[in-house]
Structure formats: C-alpha cells, structure tokens
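This report refers to the structure that appears directly beneath it.
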C-alpha cells in the first residue's frame with residue numbers, strides 16, 4: 001500500500017492520482033472498529049465511528065439499483081432522445097421551437113446524449129454485456145451531422161469525453177475490467193469522437209484572442225448571431241478531452257487550440273491578485289464578469305490545469321495550477337488558518353472581485369462542492385476535509401444541495417437541485433484518501449435522500465388497460481425546491497454518468513479501479529481515463545513554445561504552494577478518528593443553520 005500524503009513532490013504527482021484507488025492511510029491489516037473512538041460517547045462519534053461491511057454491501061446494491069432504475073427507464077421510454085423526462089415517462093430532445101432556450105439546447109444535441117454519457121458507467125458496474133450492446137447502439141444509430149446548436153463545453157465533456165473513454169477501455173491491452181473487447185470493433189467510437197471534435201473546431205476560428213465561441217451548430221459552424229462572451233470554465237476546460245484525442249490520432253490541432261485558449265485566459269489574470277474572472281469577451285479580452293470563485297463559470301478550469309498535467313506531463317500546466325491555487329488560498333479563503341484546530345470561523349471560499357479580492361456577494365453555489373476532491377488530488381487533504389464538511393452540513397439540512405446557498409442568511413438563494421454529482425465526487429475521493437467510515441455515512445445519507453426525495457413514484461398521468469391502472473415509475477427527477485421537495489420533469493445525463501457512478505464506487509471496495517496496478521483519473525464529467533505513457537508522448541513538436549514570461553510570475557519550485565497544508569499534515573493519531581473534530585463539525589452545523 002502507498003500513502004497518498006507522501007506522493008506530493010513535483011515529479012511524483014502522478015502517483016498521487018486518487019484514481020489509483022487502493023491508496024490508504026491505514027495498514028491493510030487494520031481493525032477499524034477496535035480502534036475507533038474507544039469510550040467516546042460524543043454524538044458525532046456515535047453516528048460516524050464505524051460502517052459495517054454488511055451495510056456497505058447493502059449501499060452498493062442500492063447504488064446499483066439506482067443507476068439501473070434510471071438507465072433502464074431511459075432506454076425504455078426515452079432512447080434515442082437525449083434525456084428522460086421521469087415524470088411523464090417520455091424522451092426529451094432539443095427545444096426546436098425555441099432556439100433561445102439554452103438551458104435545454106446547450107446540452108441536448110439530438111444525439112442520444114444519456115446513452116453515450118453512461119457508456120463507461122456500465123463497465124464500472126461490471127455489465128460487459130450491456131456495455132457491448134450500448135456501444136453497438138451508438139455505432140449504429142448516432143450521427144453528429146445534425147442541425148443542432150450546442151455548447152462546446154457540454155458537447156466536449158459529455159459526448160467527446162465519453163466516446164474517448166469507452167474507446168480506450170475497449171482497446172486497453174491491460175484489460176482492467178477483464179477482456180471487454182468487442183468483436184469486429186474497428187475504432188468506430190474514436191472516429192465518432194474525431195468527427196464531433198472537427199465540428200467543434202469552428203468555435204476557435206475568427207476569435208481575436210484564441211478563446212473559443214461558446215456555441216457551434218454541428219452542421220454549419222458558429223451561428224451568425226453568436227455572442228462574443230464566454231465563461232472561463234467553458235472556454236478553458238477542453239484540454240483533457242482535446243489533448244487525449246490529439247495524442248490518440250497523432251493530430252496536434254485539437255490539443256493546440258485547447259491549450260491556446262487556456263494560455264489566453266491565463267494571460268488575462270489580474271496582476272494584483274493572480275485571479276481570473278468568470279466571463280470574458282473573446283474578441284477584446286476584456287472581463288465582462290469580474291467575479292472570481294470556485295463555482296459556476298470557474299470550477300473545471302482549475303480542475304483541468306491539474307488533471308492535464310497528470311495526464312500529459314506538461315510542466316506548464318502544473319505551474320499554472322500552482323499559481324492559481326496559491327491565489328485562491330490567498331484571496332478566496334476566509335476563516336481560521338487551520339481547518340481542524342484553533343479558534344475563529346470555519347474556512348470558507350467566497351466569491352470576490354478578481355482585481356482587488358473584495359467579497360462580491362454572500363452566496364456560494366453547489367458546483368463548488370467539487371473543490372474538496374481537487375484538493376485531495378493536489379495533496380491538500382486537510383483543507384478538503386473542512387470544505388467538504390461545510391457542504392455536507394448543507395445537505396443534511398435540506399436533503400439536497402440548493403444551487404446557491406447564502407452563508408450570511410443561512411438560507412438558499414436558488415432553490416433547485418438537478419441531481420448534481422459534485423458532493424458525491426468529493427466524498428468518494430476523500431474516502432479513498434482516508435478510508436474513514438465518516439465518508440461512507442455521507443454517501444449513505446446522499447443515497448437515501450435521493451431515494452426519498454428525487455425518485456419518481458407516480459407519473460403525472462396513468463394508463464388504463466382493461467380497467468386496470470398501471471402506475472408509471474420512470475427515474476429520478478430534478479428537485480425544483482429543496483425545501484418542499486417539489487420536482488421538475490428532467491433527469492440530466494450526469495446523474496447516471498457521475499452521481500450514480502461515484503456512489504457505487506464509494507461502496508465497491510473491490511472494483512477494478514481500486515486495484516493498485518490501475519491508475520486512472522476522472523474527467524470533469526466522471527469519465528474514466530487511464531494514466532498512460534502514450535498520453536505523455538507527442539508525435540509532433542510544439543508549434544509555439546510556452547510563454548515562460550507569462551508563467552514566471554508567482555512561480556515556485558515547491559509543492560504545495562505556500563499557505564497550503566503539507567502532504568503529511570494529518571498526524572498519525574488522527575487517522576482513526578473523525579476526519580474533523582466534533583467541536584468543528586458542530587460549528588459548521590451551526591454555520592449553515594443546522595441545529
């Protein structure tokens with residue numbers, strides 16, 4: 001066994017990747033129940049001190065059933081449409097009558113989105129037969145020659161990423177999931193991925209900065225009425241998928257345009273704070289949105305700086321991540337210096353003005369819950385523990401995460417919850433880093449909340465067959481209101497591709513992804529990608545060198561950056577205790593209004 005906290009040096013960062021999911025702080029011969037909280041009657045200790053194997057197996061089965069309830073009903077009622085409407089038991093595609101409905105049309109391209117997005121989840125659950133059937137369906141029925149205008153970011157992470165992941169897993173000679181090769185497979189998924197990427201390339205043309213347009217029409221290119229504004233995450237989170245594609249097919253074009261966009265955004269950061277804003281004009285390079293935070297519009301930009309380095313080994317990516325993380329700690333983090341000791345308010349990452357670091361508002365959004373997982377990847381587990389506890393406390397209060405939570409008012413600002421995976425993802429990664437049963441309890445709470453609050457038990461209409469009423473039960477629905485638990489008729493594809501996947505993996509200790517010889521990361525859409533030497537080798541020379549001058553500022557040669565925790569910060573005596581001391585857990589509960 002290896003220790004995740006000992007693999008944080010620059011050269012060894014790849015070995016820390018959490019998806020080598022057998023990493024543990026404990027001896028393989030540990031006897032958790034014997035050592036945990038002996039004689040301590042604290043309420044948090046009583047609740048979280050252990051998690052029996054039988055209960056873990058039950059939760060694993062429950063997570064599997066959750067996935068199949070959503071997946072089977074999508075295939076029965078919705079395929080080949082993009083999504084399942086779980087209340088009406090119908091399929092959902094683009095809103096053709098209202099092209100301005102970007103909430104729908106940015107994601108849905110009339111290309112069987114949910115089926116494609118869930119391909120690798122079927123393998124993670126060990127269902128090779130259905131995986132093969134799904135791959136065949138994609139090959140036989142999916143075409144991107146569509147008059148559909150979609151968001152480049154969403155098409156990239158949900159469709160392109162999944163096609164690439166499924167292709168790699170089909171052809172991986174290491175056979176991590178067993179021999180899953182499909183007879184007669186001739187790289188069709190890779191060809192589909194290439195075709196889609198080519199259709200996304202017009203977004204990078206005719207832009208003065210190299211930052212792409214936010215949307216393209218898959219048939220005609222950038223719409224003539226396209227806006228010149230895009231968010232940082234949307235433009236700067238393409239490098240993982242585009243880079244892997246380039247290295248698989250030996251064509252530098254895709255990685256080049258994605259990397260150029262990242263560099264362009266990076267060069268626009270504030271000279272005073274090192275922060276970026278959340279919305280930029282792609283022609284002028286002016287910041288339209290000056291808010292800097294960890295949530296919507298920013299989140300996966302930071303994530304992909306680190307994951308791109310892990311995959312491709314480009315030091316430029318790592319240096320950018322180092323500098324960005326240091327700026328985040330210096331300007332976004334509020335509260336006491338240490339997560340788990342001392343006095344003062346619990347740490348919190350707020351939204352600030354990118355130019356002066358002043359707080360712009362008093363809300364945070366649910367997408368920020370991804371950040372503890374990224375902190376685990378970076379080795380800053382102590383801060384990850386504290387931030388995760390804050391979001392878990394909000395979940396405990398509402399049984400879901402409101403889209404926005406006002407930490408000053410202790411109330412939601414935006415009330416819906418579309419079954420997002422970010423808190424589950426961070427819970428899973430923290431469990432892999434610590435093996436602490438606390439995180440299994442968190443996962444169980446989330447599972448049970450979803451079953452109770454999001455599962456659709458009665459459709460809005462009934463069918464009468466021979467005077468008998470057949471009640472439809474079709475999937476899991478977006479929560480329109482986290483307080484009254486009313487529902488919206490939508491099950492987004494990420495529920496199956498991420499939320500269910502991470503829940504299942506949390507309780508499946510014996511999954512092939514957790515074996516020490518298998519090293520993987522997850523894309524921002526939860527797609528499995530192996531850390532492979534071939535992705536660290538290019539068949540071309542760089543078409544332009546890294547602008548060292550742009551990166552020289554704020555660079556250091558150490559990891560973690562200053563003001564962050566050291567990799568071995570968690571002392572040995574704490575490894576058999578709650579990840580966060582009870583006094584601080586209680587403090588966070590009060591902070592979110594959970595009394």
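From the backbone N, Cα and C atoms, a Cβ is placed for every residue, glycine too.
Among the features that TrEMBL reports, active site, proton donor is placed at 154 (among others). For residue 154 (active site, proton donor), the count of additional Cβ atoms within 10 Å of its Cβ stands at 21 [all protein chains shown].
What TrEMBL lists as active site is 299 (among others). Sequence-distant neighbours of residue 299 (active site) (same chain, 6+ apart, CB under 8 A from its CB) are 233, 367, 368, 370, 371, 524.
Taking Cβ-Cβ distances under 8 Å and a sequence separation of 6 or more, the neighbours of residue 403 (active site, proton donor) in its chain are 365, 366, 412, 413, 414, 415, 416, 417, 418. Annotated active site, proton donor per TrEMBL: 403 (among others), in sequence order.
Per TrEMBL, active site is recorded for 422 (among others). In the structure as shown, the Cβ atom of residue 422 (active site) sits within 10 Å of 25 other Cβ atoms.
Residues or ranges marked as Ca(2+) binding site by TrEMBL: 524.
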**Q.** Count of other CB atoms lying within 10 Å of the CB belonging to residue 524 (Ca(2+) binding site)
**A.** 25
Q. In Å, rounded, how far does the Cα of residue 154 (active site, proton donor) sit from the Cα of residue 422 (active site)?
A. 16
